[in-house]
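Participant: Sending over a structure as structure tokens; questions will come in a sec.
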Amino acid sequence: MAGTNCTQVTEFSLKGFTEDPVTQVTLFLMFLLIYLATILGNLGMIALIKMSPQLHSPMYYFLGNLAFVDLCSSTVITPKMLSDFIAEKKGVAYAGCMAQVFIFDLFGMTECFLLATMAYDRYMAICHPLVYPLVMSPKCCFQLVTGSYLLGLTNGMGQTISMSNLSFCSSSVIDLFFCDISPLISLSTSDTTLSHVILRTSASLFGVSSSLVVLVSYAAIISAILSIRSAEGKHKAFSTCASHLTTVSIFYGTSLFMYLKPSSESSGGGDKWAAVFYTVVTPMLNPLIYSLRNKEVKEALRR
């Protein structure tokens, strides 16, 4: 908590990307188009899955939830970023900053576990097709999705409680375009040891564990695909995983880079563009990837 000689910060300033007016307009238009594509793509994917009987399967049930999470996590970040491009004062209240941390961490970790759940679903479909309908029952799918949201909620609450115990008395400028945990911890004037421990523990326990589920699942999937004799069978099996594997690579690659790299290796602009990928670009790409690479989705769109 704040000390006796500490005047607690009530508002943070977001440094954003640049102060050049022309570049700001260019970035505003670019990110506006990305956000519109994100909204249309994810809402379209949710509607398509709801309306198409051939997509009423565990794989697309998880995909529908992934689209919802992408839509929410992008909406937490992008509208504020867009308003800052055209506003003279790029500020966010302390309460608003903590709310952004909580909601983004909730949906960010939920997405980690949804991607892990989707990898497990592909593993069961390819490696154990005979028991797949029994194991991936509607009840089991509902439990897996609910568990993902609960783990995301646990992460969001833990990180926010940790942040609320920190004091911010000197600088209030966040060198990023949204309120994120790492830059906030670096701004604090109080002891941040516990916050660093919680951040690294959460990233390691939740992020690494979910990524291990993905790695183990795909190791088994690749082994099963290689044992298929026909080239056509191999292609068909791999095509069912290609979209998910692409999404996983983008999301886990950028997010693990951001939260598990040593704090001494902060790279300024590099960090910002890595954050852009997993907060803004990935939610837009996911529905596009599944639409372009998934045969069943393309057939449902044609119908």
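Quick reminder: no glycine exception, Cβ is built from N, Cα and C everywhere.
Just lifted these from TrEMBL, have a look:
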- 27-48: transmembrane segment (TRANSMEM)
- 41-290: domain 'G-protein coupled receptors family 1 profile' (DOMAIN)
- 60-79: transmembrane segment (TRANSMEM)
- 91-116: transmembrane segment (TRANSMEM)
- 166-185: transmembrane segment (TRANSMEM)
- 205-226: transmembrane segment (TRANSMEM)
- 238-260: transmembrane segment (TRANSMEM)
- 272-292: transmembrane segment (TRANSMEM)
Participant: Are the transmembrane segment (91-116) and the transmembrane segment (205-226) close, by which I mean at least 3 Cβ pairs under 8 Å that are 6+ residues apart in sequence?
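Facilitator: Stretch pair touches.
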Participant: Short question: which residues 6 or more past the ends of the transmembrane segment (272-292) have a Cβ under 8 Å from it?
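Facilitator: Beyond its ends, the transmembrane segment (272-292) has Cβ neighbours at 17, 31, 34-35, 37-38, 41-42, 44-45, 63, 66-67, 70-71, 73-74, 77-78, 81, 104, 108, 176-178, 180, 243, 246-247, 250-251, 254-255, 257-258, 298, 301.
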Participant: With Cβ-Cβ distances below 8 Å as the criterion, list the same-chain residues six or more beyond the ends of the transmembrane segment (60-79) that contact it, or say none.
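Facilitator: Non-local partners: 31, 34-35, 38-39, 41-43, 45-46, 49-50, 100, 103-104, 107-108, 110-111, 114-115, 117-118, 121, 141, 144-145, 148, 177-178, 279-280, 282-284, 286-287, 290, 296.
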Participant: Over the domain 'G-protein coupled receptors family 1 profile' (41-290), what is the model's average pLDDT?
Facilitator: 83
